[in-house]
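Taking it in order: structure first as structure tokens, then the write-up.
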């Protein structure tokens, strides 16, 4: 699996110039959004800071030379990883014990299949590994084979294997793609991006700001200009910070 991260600079001068250019872009964004307005309340200021961070991540992604690995380049393929075939027997047993404990706790009960499934939504809201991650419930739901929001043991093992810190980037990106695809039509369209940004950034961000970010994301990542992001295009959207903060969860570590 190839490592992710920014490439090395060609020299100290270029690095300094690049940093100064980014600072200037940030100053321009702050002036454009009115982020320096002293009358803004704390909630809105915080939301704008998240907007600016999102925009800076998108800009910096263009400067990275290392492309994320393609799924076809993974030995064994994505399905084998999701089936838990890349983990040890002891890890699979730990996953099963974690599932059993979560099921018996009652905190994550899936009402339509109480005895066999966990609720992805309740896991996202209450599991310690999901705290502070507004996308957690949708990410976990992407592993539901029945697409009903319930995680059976097979689904749970897939989530444990993929979301673990050792899980592959392409499989984490696939989970992200389905989490962003709100209407489940197989592409991430403008409405999907707006809904996801609203979930991540909160209510303090204006509609104009959200639409601006969506336009920028489409401009940067919609390679064939068809107005939607297909899975391959979507993979380029996720930064290494997204992977670390939203798509990495150790759901069974305490049982190892």
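Any Cβ shown, glycine's included, is placed from N, Cα and C.
So that you can see what the record holds, here are the features copied from TrEMBL:
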- 1-80: region 'Disordered' (REGION)
- 12-34: compositional bias 'Basic and acidic residues' (COMPBIAS)
- 57-67: compositional bias 'Acidic residues' (COMPBIAS)
- 168-203: domain 'EF-hand' (DOMAIN)
- 209-244: domain 'EF-hand' (DOMAIN)
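Taken residue by residue, the domain 'EF-hand' (168-203) breaks down under DSSP into 24 helix, 1 strand, 11 coil.
Across the residues of the domain 'EF-hand' (168-203), the predicted structure has a mean pLDDT of 93.
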